[in-house]
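Peer 1: Below is a structure I'd like to ask you about.
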Amino acid sequence: MKTSKASQRYRGIRRNASQCYLYQESLLLSNLDDSFSADETGDSNDPEQIFQNIQFQKDLMANIRCRPWTMGQKLRALRQAKNIVLKFEGRLTRTRGYQAAGAELWRKFARLACNFVVIFIPWEMRIKKIESHFGSGVASYFIFLRWLFGINIVLTIMTGAFIVIPELIAGQPFGSTARKTIPKEQVSSAQDLDTVWSLGGYLQYSVLFYGYYGRERKIGRAGYRLPLAYFLVGMAVFAYSFIILLKKMAKNSRTSLASASNENYTFCWRVFCAWDYLIGNPEAAESKTAAIVNSIREAILEEQEKKKSKNLAVTICLRIIANILVLLSLAGSIYLIYFVVDRSQKLEQSKKELTLWEKNEVSVVVSLVTMIAPSAFDLIAALEMYHPRTTLRFQLARVLVLYLGNLYSLIIALLDKVNSMSIEEMATKNNTSHWIDSTTFFATRTAPEEEKWSTSRPGMGLRRNNTWALEETSISAYTMPLIKANKTSLHTQSPQDQCWETYVGQEMLKLSIIDMLFTVASILLIDFFRGLFVRYLSDYWCWDLESKFPEYGEFKIAENVLHLVYNQGMIWMGAFFSPCLPAFNVLKLIGLMYLRSWAVLTCNVPHQQVFRASRSNNFYLAMLLFMLFLCMLPTIFAIVRYKPSLNCGPFSGQEKIYDIVSETIEKDFPVWFGSVVGHISSPVVILPAVLLLFMLIYYLQSIARSLKLSNHQLKMQIQNARSEDKKKVAQMVEARIQTQEESTKKLPNDSDLTSQLSSAHSGTPQNNGNVAHFDSGSSKSGRIETVAQSMPQSPRPGDRAPSSPLPGVPKSRLEHETNRYLHGLCASTSDLHRNRSRTPMTFTTHIEDVHSEPLFRKDFQQINPPHRGPQASTLLAQGPRPHAPRYYVINECDSYKKKHLNVWPERHFKIDASGDIVELYPRNVRQYASRVPRQPPSPQLSEEEEETPSRDWIKRSLPPRSLIDLRRAPHFYIGERSESQTRDPEHQGRVHYKSWNEDFEGHLERPAYVPRKPRSRNFQYPQPPLKPRGKPRFEPSLTESDSVSAASSSDQQNSSADQYLQVTHSQGRFPRSVGQPSRRKAKSGQELTVDLDDLICSDV
């Protein structure tokens, strides 16, 4: 029966303790029940309230998994929420329902669209794999390549949709006009390899180049203005490139400014927060692991670079030498390219047929220079000893200057040739017009009537392959051949071939093709075959090829990134003269992506110094923007400076290329629009507009600087706030530690408790019969300890010898038990176990639950004094001992403020005549402790105990909020030490504990809480009658605690020698023991007498 009651009480305690933890959730459940019941009755008819309730229920259904409820509660709440939503959602208006449904559908669609778009991001998984194995620096190259691929896709669409496709659809077909027909002398060699390689023959007279497009203002039935579209698209290519570059740079700047600095907790974030727990693929897990390792290596390198010491003088000298070598390399490469271009021009003028090398030597030399020079710069950069990121930027800048120098030297040479071709064309035009205007020459022979002659009609200018029949005679008028006008140009190109725009486009496309071939060759030779050589011949070589020369290749970020910039610069420079060049670049970038990624994953090894790339990559974009600006200048210069070719292109016949705009405005727009455009384009408007733009740029730049400064200040404030927070946390921890140290120092430093304990254990007690009160320093637990002592009048004749162990208990086991920490509930919460320091004394410890073990007195007598050891002290219950002082030590730990009215048992107090407080405990609350054999109690009480007035019962309790608020079990400690021992704070930690039962029962071992069997009611106790004195009083009989003593408590001589060490709490009350029933049945008078007889008198 008691076991069931104990289990019921235990379950009640657990239920009460869980109420505090689930208080918020129970409120939510109760609100849910209330709302459900209110909605069931139909009290809520407000649409707004219904809508809010429905939203609340939907949020609850969405977050039901996160609630700390049981499964039954979750299911019940989910059912109720669904019922409410299904029942009352129809009360809302259809508009609001449609709006909510539409918003939800839009969110779902946007999420699905985002997930769907991610699938179409090209090469995403490939780039992630490369980044995981080679770091963010190598991955930035492939991200940059993918971004350039996107730009070229847009440029291809622009040129293809507005230029190439309209010309193919609505323009004149191939062979219909002279500019779309291959000359007869070139037809035989049009399909030769060298002709195709040099982009001649059929490729020259195709949509690839400028000369194929017609000059008709309108083509097709729709009247599409192809020349105007060609010019506007050419300008739009540069405009779009500028806009997308600036937009990307601004976005990256915002991202880098908005991103939090990860300089704090550098390694903690990488070690503890870097793993992605959504990874379910072993390959992805391997890649993520490699990425984390690389990021840690990057962080380690950053920390090492911060602490690197440098010799300033040597470093400056080495950097000066490195810059001199770089300048010499740049000057040599520029001179070499200019020399090769000039030589090729001279060869074209002096030779009629050129070899394959002579036709392609310019492109080959430029590609060789661009491939070899960056490696030389890489060797030179090793002298400078910069940070790897700074080294990369210097390398990028130098290679950029090299590429720009190569391109500009090439462009200058090409423009010289364009200038010479323009002069020849002008001379040809002037000579032709002179011969036509002066006279007409007749042929020296009569031609057959059916024979057709190539001639020019009078007044039509220079034309070829135009035939017309003479009237009446077969005499044909012809123009003097060009060899008459210029005898030095025997092997000059025909007027149809003198198209400098097509020549520039051919050179740019040829340069791009040869650059691609050299890139493929360098990847195969430098990376692939080198890796094969190192891999398979390292075992047979004289040295280790993998760790020494030539070793495996590393991915060179600087020159590869600059190679992309250089390639895109060639596209921008030649896009106006070759509209299909962006389309070719798209194919080139696709092949480059797959080839480079294969080479990196197969043939390259990670860098020895892996450094973190810039978060924004704005340095790459800045170089690309600079390259765009410099590549736009030659094109703009050619458009403005040179006259378009007369025999090819959509602008033939115009004085300048941009005249097509003014011509279109004059012919296709009203007069007033032309006048407005003329006024706007006048210098009176242009100059103030330019000045206004400069002022606007300056203003925006000032705002940008101020925002940057404020952003820096905000970052510093955040860092200061973080440091202050860390300081506050450190101060709180330090204050807590100091408080604990102070509370620890207070108890051992108190002289009252020390004197009491020393007098209690000394052979000559102090001549003091008063009551001493002591307030414990452990004020955190709300405990006030009172030590009451009654000293004997005469000292003992001799000192006490150390006590010996119990018979039958091994010494090693006893020492082990005395040095063992306490277990159970009090072992984790008691201040006496953890927060207090102790003197190096040997304690015989009585661990008891106040609510389950009655307090009882014992007489202690030494047995076998010569055999007691210094580390253990054993006290045994013996018979009467008139001169031995008796010690009563009662200590309750961790009293709490929170009590429960229906849980804690009532407390009974009495005050005897001497002023001592006596607290009565019923015997039936004890359940756990084992008892020692008891002797029959004394037959009667002392007169002082009989005349002690009783105190009122105290009834105050509060319910426990949680399990930790339950009262801990009080414990009792009886300490013994020699007189010579002092409480040194340095040795307060060496405390030896012994349980009460170990002292008296030897091998008896009991756990902290073991339910004991109920005591038999057959045991008879004397039941003296109660003496009512005014108020109801209870005078209990002699308790079992007095049975240990052979002398009666009425003996004044012995009672005067008793010593009491009392520790009482001031705030808490004893909680009910675990397993006790919470309610007690009403008892009859006889049962009440028996229970009162069972009360145990204890001096507290």
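Each Cβ is built from the backbone N, Cα and C atoms, and glycine gets one as well.
Checked Swiss-Prot, it gives:
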TOPO_DOM  1-148  topological domain 'Cytoplasmic'
TRANSMEM  149-169  transmembrane segment
TOPO_DOM  170-192  topological domain 'Extracellular'
TRANSMEM  193-213  transmembrane segment
TOPO_DOM  214-225  topological domain 'Cytoplasmic'
TRANSMEM  226-246  transmembrane segment
TOPO_DOM  247-319  topological domain 'Extracellular'
TRANSMEM  320-340  transmembrane segment
TOPO_DOM  341-361  topological domain 'Cytoplasmic'
TRANSMEM  362-382  transmembrane segment
TOPO_DOM  383-393  topological domain 'Extracellular'
TRANSMEM  394-414  transmembrane segment
TOPO_DOM  415-508  topological domain 'Cytoplasmic'
TRANSMEM  509-529  transmembrane segment
TOPO_DOM  530-569  topological domain 'Extracellular'
TRANSMEM  570-590  transmembrane segment
TOPO_DOM  591-618  topological domain 'Cytoplasmic'
TRANSMEM  619-639  transmembrane segment
TOPO_DOM  640-679  topological domain 'Extracellular'
TRANSMEM  680-700  transmembrane segment
TOPO_DOM  701-1100  topological domain 'Cytoplasmic'
REGION    738-812  region 'Disordered'
REGION    929-956  region 'Disordered'
REGION    1005-1090  region 'Disordered'
Peer 1: So, do the transmembrane segment (226-246) and the transmembrane segment (509-529) meet, by the test of 3 or more Cβ pairs under 8 Å (sequence gap 6 or more)?
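Peer 2: No, the stretches stay apart by this measure.
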Peer 1: Which value does the mean pLDDT take for the topological domain 'Extracellular' (247-319) in this predicted structure?
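Peer 2: A mean pLDDT of 75 is what the predicted model shows over the topological domain 'Extracellular' (247-319).
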Peer 1: Counting by DSSP secondary structure, give me helix, strand and coil numbers for the topological domain 'Extracellular' (383-393).
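Peer 2: DSSP classes over the topological domain 'Extracellular' (383-393) add up to 6 helix, 0 strand, 5 coil.
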Peer 1: State the residues, same chain only, that lie 6 or more residues beyond the ends of the transmembrane segment (149-169) and have a CB under 8 A from a CB inside it; answer 'none' if no residue qualifies.
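Peer 2: Distal contacts: 122, 207, 212-214, 219-220, 224, 226, 229-230, 232-233, 236-237, 240-241, 244, 568, 571, 575, 579-580, 582-583, 585-586, 589-590, 593.
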Peer 1: Count, for each of 193-213, 509-529, 570-590, 619-639, the Cβ pairs lying under 8 Å from the transmembrane segment (362-382), and report the range with the highest count.
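Peer 2: Ranking 193-213, 509-529, 570-590, 619-639 by Cβ pairs under 8 Å to the transmembrane segment (362-382) puts 509-529 first.
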Peer 1: List, by number or range, the same-chain residues at least 6 past the topological domain 'Cytoplasmic' (214-225) whose CB is under 8 A from its CB atoms?
Peer 2: 166-167, 169-172, 177, 179, 649-653, 663-664, 667-668
Peer 1: Who are the long-range neighbours of the topological domain 'Extracellular' (530-569) in its own chain, taking Cβ under 8 Å and residues 6 or more past its ends?
Peer 2: 134, 137-138, 140-141, 144-145, 148, 151-152, 370, 374-375, 377-378, 392, 395-396, 399-400, 403-404, 406-407, 512, 515, 519, 585, 588, 596, 600, 602-608, 620, 623-624, 627-628, 630-631
